[in-house]
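Below is one structure, written out as structure tokens, with a few remarks after it.
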Amino acid sequence: MYRPYHPPADPMVVRDLTQQQEEMRTHVRLVPLAAEPTLIAGCDSSFPTPETILSVFVLLRYPSLELVEKVYHVGPVTIPYVPGFLAFREAPNLLKAYEKLQQKPDVIMVDGHGIAHKRRMGIAAHLGVLLDMPTFGVAKSLLTGRYEEPAPTAGSRSPLLDKGELIGEVLRTKDKILPVFVSPGHRCDQATATRLAVACTRGYKLPEPTRLADHWAEQFKKEL
DNA sequence: GCGACAG
DNA sequence: ATCTTGTCGC
């Protein structure tokens, strides 16, 4: 069986980006939301071509989850994907899309990990610090940490631990379907992240904000 | 030294 | 992420 192979990343670049993450890490605040959200956003990026990135932001009413806005921005890909540094590749373009929203959300659900990262700076935390907005991440696969398989029924969850530290929760959003990984990003705590992820689930593996952002990314890609 | 590795 | 056909289960 083939295993994904990641091309060697430039040591100089990695050292610089790592320092940037360490600095940003000092700004992260894991606290509950000031108030129950009224608007929640979801975002996602796709790559129409290897050198083009298309980022989407969807805005949904909470807790009804009705779509109220959808925007996107297309830009150039600047750096290759390197595990642990995803934010440096996608955040710049995501910010451009975010600026196009007419209304701003109370909290943002990001596709990827929050603090469930080696240096606790996954893309959700990274975006949260840049925007100084409450964020949390919902990822489809593991990056860092260990966990016990949650029960096969929807709603089951189990802690995601790294060095004995709680960095996220593995949540089964749908019966017998692979779970998602939920972790706080910035200005959000684990309880809130998991609670919102559950409240945004509508019978699909992915919570609505992320699922719709994914869906619209596909639609917008065709409009090009 | 040998794996693991979000999107 | 992206490519890409069929196939299993409800």
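For all residues, glycine too, the Cβ spot is worked out from N, Cα and C.
Features of the protein shown, as given by TrEMBL:
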BINDING   A:ASP44, A:ASP111  Mg(2+) binding site
SITE      A:TYR81  site 'Interaction with target DNA'
Inter-residue C-alpha distance, A:ASP44 (Mg(2+) binding site) and A:TYR81 (site 'Interaction with target DNA') (nearest angstrom): 15
A:TYR81 (site 'Interaction with target DNA') in three-state DSSP notation: coil
Cα separation, A:ASP111 (Mg(2+) binding site) to A:TYR81 (site 'Interaction with target DNA') (Å, whole number): 15
Recorded positions listed as A:ASP44, A:TYR81, A:ASP111, least Cβ neighbours within 10 Å: A:TYR81
